[in-house]
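Undergrad: What TrEMBL lists as transmembrane segment is 52-73, 114-134, 146-167, 179-200, 212-232, 244-267.
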Amino acid sequence: MNAKPVDEGPTDDLPTKRRLRGHEPKRVIGYRGDRIVMHRAMRRLSFPLSRWIDVLGIPLALTAGYCALWPTIARLWERIIGFWSVALEGQVRLAAVKALVPGFGAIPYPHSDAALPTAVQWLVGMIVTLPLLFGTRFIGGRALPLAYWLRFIGVVQASAQFYFFMWPASFPYDGGGSIGSLTQASVVVVLITPWLYALIYNVLDFGLIRKLVLSVMGMAYLTVFIPFQYTLASVVLLKGSMLWYPQIFLLWAVFLQFGTLVGFYAWAMSWNARGAGGRRLS
């Protein structure tokens with residue numbers, strides 16, 4: 001008995017883009033007849049001269065605007081810090097430090113008289129550090145990235161514990177001045193935010209409005225976030241001592257601010273490109 005070939009039906013049902021054998025060069029055709037699409041990492045983006053307005057004009061205008069608005073922003077920071085100073089019964093007080101940018105004026109920041117750790121504070125630090133180092137080995141699965149992050153926090157704190165156990169009197173920073181320096185650096189972060197986005201986002205074809213919104217959003221968020229961030233840091237140093245300053249300096253100050261900027265950038269990359277209709281830029 002002869003076997004009959006199976007009727008696979010009309011081939012017109014296949015998408016046109018999958019029926020390209022003989023109509024495309026062999027170097028772009030896969031073994032099944034599919035077209036090999038160029039990977040986005042190998043694409044060359046068009047860069048018209050008008051895009052220099054997005055790359056240079058937006059950050060220049062926003063930087064100049066922020067400098068012009070700084071007296072108003074400084075008063076906002078003074079009110080935020082002053083409110084918490086009253087709420088904390090003067091444990092954190094308003095102070096000012098000269099800006100790193102010439103001619104920018106004074107920068108208000110929360111000042112606290114944090115001291116070196118006592119024996120009890122050092123022991124409390126060890127109680128917090130040990131679970132971070134060894135307790136995270138029980139975290140797995142999808143939470144494994146969280147385990148690595150907590151372990152890294154534990155390593156940073158363990159180094160601080162060792163330093164303050166061996167050479168506590170030689171620690172070169174004080175609670176008030178250290179927060180002032182971090183606030184100075186954070187103002188610089190706000191000013192360079194539109195320039196960072198200009199290099200990694202404004203070069204793409206997302207349209208002027210989207211590029212402007214991203215930069216304004218990042219700068220506005222940091223402007224509101226910074227006084228709250230460092231007021232909380234001042235309270236932590238006041239209650240927990242300078243034992244926690246390495247933790248704040250390395251992970252919870254400028255590093256955290258750049259993390260929020262990366263988050264905004266990742267969100268903005270999901271927006272539709274100009275002229276892409278309902279498609280995302282890929």
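Along the chain as shown, residues are numbered 1 onward.
Yeah, the Cβs are placed from backbone N, Cα and C, and that goes for glycine too.
TrEMBL annotations: computationally assigned, not manually curated.
Values in this document were obtained by computation on a predicted structure and should not be read as measured data.
Describe each of these features in terms of where it is and what it packs against.
TA: Listed by sequence, the residues of this chain that lie at least six past the ends of the transmembrane segment (114-134) yet keep a Cβ under 8 A from its Cβ atoms are 150-151, 153-155, 157-158, 160-161, 164-165, 168-169, 171, 174-176, 234, 237-238, 240-245.
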Undergrad: Please check if the transmembrane segment (146-167) comes into contact with the transmembrane segment (244-267), where contact means 3 or more CB pairs closer than 8 Å and the residues in each pair are separated by 6 or more positions.
TA: yes
